[in-house]
Amino acid sequence: MVALLLFPMLLQLLSPTCAQTQKNITLGSTLAPQSPASSWLSPSGDFAFGFRPVEGNTSFYLIAVWFNKISDKTVVWYAKNTDQDPSIVEVPSDSFLQLTNDGALSLKDRSGQEGWNPQVTSVAYASMRDTGNFVLLGADGTTKWQTFDMPSDTILPTQVIPCNKTRNKSLRARLDINDYSSGRFLLDVQTDGNLALYLVAVPSGSKYQQYWSTDTTGNGSELVFSETGKVYFALTDGTQINISSGAGIGSMADYFHRATLDPDGVFRQYVYPKKANAGILGGETWTAVSMQPQNICHAIVSDVGSGVCGFNSYCTFDGTRNQIASCQCPPWYKFFDEQKKYKGCKQDFQPHSCDLDEATALAQFELRPIYGVDWPLSDYEKYEPIGQDDCGRLCVIDCFCAMAVYNQSTSTCWKKKLPLSNGNMADYVQRTVLLKVPSSNSSQSMISTSSNKWKRNRKHWVLGSSLILGTSILVNFALISIFLFGTYCRIATKKNIPLSQASSKSQLPLKTFTYKELEKATAGFHEILGAGASGVVYKGQLEDELKTNIAVKKIDKLQPETEKEFMVEVETIGQTFHKNLVRLLGFCNEGAERLLVYEFMTNGPLNRLLFDNSRPHWNTRVHIALGVARGLLYLHDECSKQIIHCDIKPQNILLDDNLVAKISDFGLAKLLLTNQTRTNTGIRGTRGYVAPEWFKNIGISTKVDVYSFGVILLELVCCRRNVELEVVDEEQTIVTYWANDCYRSGRIDLLVEGDDEAIYNIKKVERFVTVALWCLQEDPSMRPNMLKVTQMLDGAVAIPSPPDPCSFISSLP
């Protein structure tokens, strides 16, 4: 036993007395954690391979590669057990690592039990290179194994990660900056040729959601960190998608470089000056020079998992140039573990017991306002119209309610329950979050002093903006196609079958109204909201407890369809729901009367907002564009059958009280059957927004909606109609022509002249215009699908320069 204990000490005596700078590492060389020979250096001394103490627990060590000449010895690679078990190799101080005389690299503990080896044999020597790559080589100089082939969370200049045909190669973020355990984010170089970032489960690593990608399925070749400092994804056709440009970041001679998937899910490229106060970046610290995605707090909204931060917390930024995400608890909440904030937050008081009666609950709890935080999910009830006091009372007496959200302008109240997910700072909605906490008169005290401290200083906690409304999981049923629904009413009437019973399969959760009910609700169909080809829309109010505002459409023009086709279509549409589709509340099928009842959209159609004298804020227009894109994506790709809207225009995009865009009026919609990508039909839509293929003898596809969206996107950017005959410069008459000319001449700024907010965000303006020009390609096959469109708008994928569209004929009135 004594011999075993003395063995590592004997190895230290036989080994060199310090970490040596050497070109080759010979067989028999040994490292031990607490000996002078604890690492092998590269020839320049820039990098080291060996034992690195674990932060916070110096009794244990990693097998790692690190930058050796900088003060914090930044780790760029660390050993993991196996692909099947990606846990880190963490060993006690009496372990040793040896390049054995048998030609193997072996990590053993004091008893001689092997704890790790890279599973290669016949090694003749090893080398720690100045690139940061530790290599095991054969006698003929061929590489047997290298750390560059087994990346952890970082890549270095000259490192290449190819798309493997049989197994994904990936970077896995750490769990925390000082915790090297496999974390919650993954950069995947996939076998299908795509490079993507994923939110993943811990510890299993199963993928939750992709939140950024190059969208290069079938075309990707390799992820490259060039020796000039440029990070890009090479494609099989020889082109490159830049992850970072490499421009303006200083020479490789003056700076150390690395690109790391950080614990907050952002893939950042960093530089560090090799000399004190060197270069324009200055400072002896790592500085981020590029990052993907640009705003991680807004990039992830996942139905599964907690989002960027843990449950019941929210994501903001640390205020530094590196834009590191910072997770925070709302007031009266505290972290489960201050050292592991990714675990989320919990209430710092005794939760509301469901055994309390209403009077006791009102005595023990109250609501306190907070501002500027957004938890987009977790809604479970909505009240409208209602006062703020009543909104608060309904939350206080409900043991499931953790907070209420109130909109003063529309008298609307939403209740949210725990756990709260996807929390982030938000600056684009004016609403108040009412957080349920112990009453100031209650005998219940806060559990920790941190919450009391916040309570005393809560006036300083105002964050300066308000909460975005999440989608209610109980109330987001999309409206049924007017055309299809009217036909269904006629079929059901002819057969003397009540509409609600005509299909036992569809089981649509819709209310049946009588004609008298709707006549009374609309005060005799008095106030007209709008009119379309199939009928007139009136404003009304239901006589329910909440006095719900509604929009009632009287259908007066129907076309016959076969019952079989209609039943297939109505069942499909009736089962759809999305926050960017207007919700159908019910219907009337009484005699010859056909009426549809919709949720009322406070701010009316987009054209009213967009083309009035006052220009909407740039961020408002951005959110509207993204909302319309996501609504179309749902119709095209996420329904059981694809739905082509066929009439996307500003008049058919309605805005709720928070200016959330919702697609409406499915009167011209067309469904595609399974495995069908095109359909033949007569010309539908509105002049100025219909795609060129409508005028040709070819089938139409979802790409007609993509074309219409391209027109609307330019209207949102420019805040003007597609065609304006009274402009001074006739070259600006048709916005699609004008935008193309501005893009080709490099004068995108002319499209937003006088719009200071847009000018400030000119890069995003250019991105939106580029996406629009892709949508407006005359050849439908050249247009992106709506998934690609949303990714391009979000900045999740690179956007190549669009071809010059051959024709904008359909934009003409």
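Even glycines carry a Cβ here, placed using N, Cα and C.
On a predicted model such as this, the values are computed, not experimentally measured, just so you know.
Taken residue by residue with DSSP, Asp647 (active site, proton acceptor) is part of neither helix nor strand, so it is coil. Residue density at Asp647 (active site, proton acceptor): 24 other Cβ atoms are found within 10 A of its Cβ, drawing on all protein chains shown. Summarising the annotation, Swiss-Prot assigns active site, proton acceptor to Asp647.
For the recorded site, Val537 (ATP binding site), the DSSP three-state label reads strand. According to Swiss-Prot, the feature ATP binding site maps to Leu529, Gly530, Ala531, Gly532, Ala533, Ser534, Gly535, Val536, Val537, Lys553, an assignment based on sequence analysis.
For Cys315 (disulfide bond), applying a Cβ distance below 8 Å and a minimum sequence separation of six or more within one chain yields Ile296, Cys297, Gly307, Val308, Cys309, Ala325, Ser326, Cys327, Gly423, Asn424, Met425. Positions annotated as disulfide bond by Swiss-Prot, on the basis of sequence analysis: Cys297-Cys315 (among others).
According to Swiss-Prot, the disulfide bond annotation covers Cys309-Cys327 (among others), on the basis of sequence analysis.
Marked as disulfide bond by Swiss-Prot on the basis of sequence analysis: Cys329-Cys345 (among others). Using a 10 Å Cβ-Cβ cutoff, Cys329 (disulfide bond) registers 24 neighbours.
Non-local neighbourhood of Cys391 (disulfide bond): Tyr383, Ala404, Tyr406, Cys413, Leu434, each in the same chain, at least six residues away, with C-beta under 8 Å from its C-beta. In this structure, Cys391 (disulfide bond) is part of a helix by DSSP. Here Swiss-Prot flags Cys391-Cys413 (among others) as disulfide bond, drawing on sequence analysis.
Residues annotated as disulfide bond in Swiss-Prot, with sequence analysis given as evidence: Cys395-Cys401 (among others). Note: Cys401 (disulfide bond) has non-local neighbours His352, Leu394, Cys395, Lys415, Lys416, Lys417, Lys436, i.e. same-chain residues 6+ apart with C-beta under 8 A of its own C-beta.
Annotated domain 'Bulb-type lectin' per Swiss-Prot: 22-149, in sequence order, evidence recorded as sequence analysis.
Positions annotated as domain 'EGF-like' by Swiss-Prot: 293-346. Mean pLDDT for the domain 'EGF-like' (293-346) in this predicted model: 87.
Feature annotation from Swiss-Prot assigns domain 'PAN' to 354-433; the stated evidence is sequence analysis.
The domain 'Protein kinase' annotation in Swiss-Prot covers 523-797, and the record cites sequence analysis as its basis.
Using a 10 Å Cβ-Cβ cutoff, Asn24 (N-linked glycosylation site) registers 12 neighbours. The N-linked glycosylation site annotation in Swiss-Prot covers Asn24 (among others).
Under the heading N-linked glycosylation site, Swiss-Prot lists Asn57 (among others), citing sequence analysis as support. Its Cβ placed at the centre, Asn57 (N-linked glycosylation site) has 10 other Cβ atoms within 10 Å.
Marked as N-linked glycosylation site by Swiss-Prot on the basis of sequence analysis: Asn164 (among others). According to its DSSP assignment, Asn164 (N-linked glycosylation site) is coil.
Its Cβ taken as reference, Asn168 (N-linked glycosylation site) is surrounded by 14 other Cβ atoms within 10 Å in the chains shown. Summarising the annotation, Swiss-Prot assigns N-linked glycosylation site to Asn168 (among others).
Listed in sequence order, Gly193, Leu235, Thr236, Asp237 are the same-chain residues at least 6 apart in sequence whose CB falls under 8 Å from the CB of Asn219 (N-linked glycosylation site). The annotation N-linked glycosylation site is assigned in Swiss-Prot to Asn219 (among others).
Candidate recorded positions: Leu529, Gly535, Val537, Asp647. Nearest to Asn24 (N-linked glycosylation site) by Cα distance: Asp647. Counted over every protein chain shown, other Cβ atoms within 10 Å are most numerous around Asn407 among the glycosylation sites Asn164, Asn242, Asn407. Closest in space to Cys345 (disulfide bond), of the recorded positions given as Asn57, Asn168, Leu529, Gly535, Asp647, is Asn57, taking the CA atom of each residue. It is 293-346 that, among the stretches 22-149, 293-346, 523-797, forms the most Cβ pairs under 8 Å with the domain 'PAN' (354-433). Spatially, by CA atoms, the recorded positions Asn242, Cys329, Asn407, Gly535, Asp647 include one closest to Asn164 (N-linked glycosylation site), and that is Asn242. On the backbone, the CA of Asn407 (N-linked glycosylation site) and the CA of Leu529 (ATP binding site) stand 23 Å apart.
When secondary structure is read from DSSP and collapsed to three states, Leu529 (ATP binding site) falls in the strand class. Using a 10 Å radius centred on the Cβ of Cys327 (disulfide bond) and all shown protein chains, the other Cβ atoms total 22. Note: the CA-CA distance between Gly535 (ATP binding site) and Asn57 (N-linked glycosylation site) rounds to 73 Å.
Around the Cβ of Cys309 (disulfide bond), 29 further Cβ atoms fall within 10 Å across all displayed protein chains.
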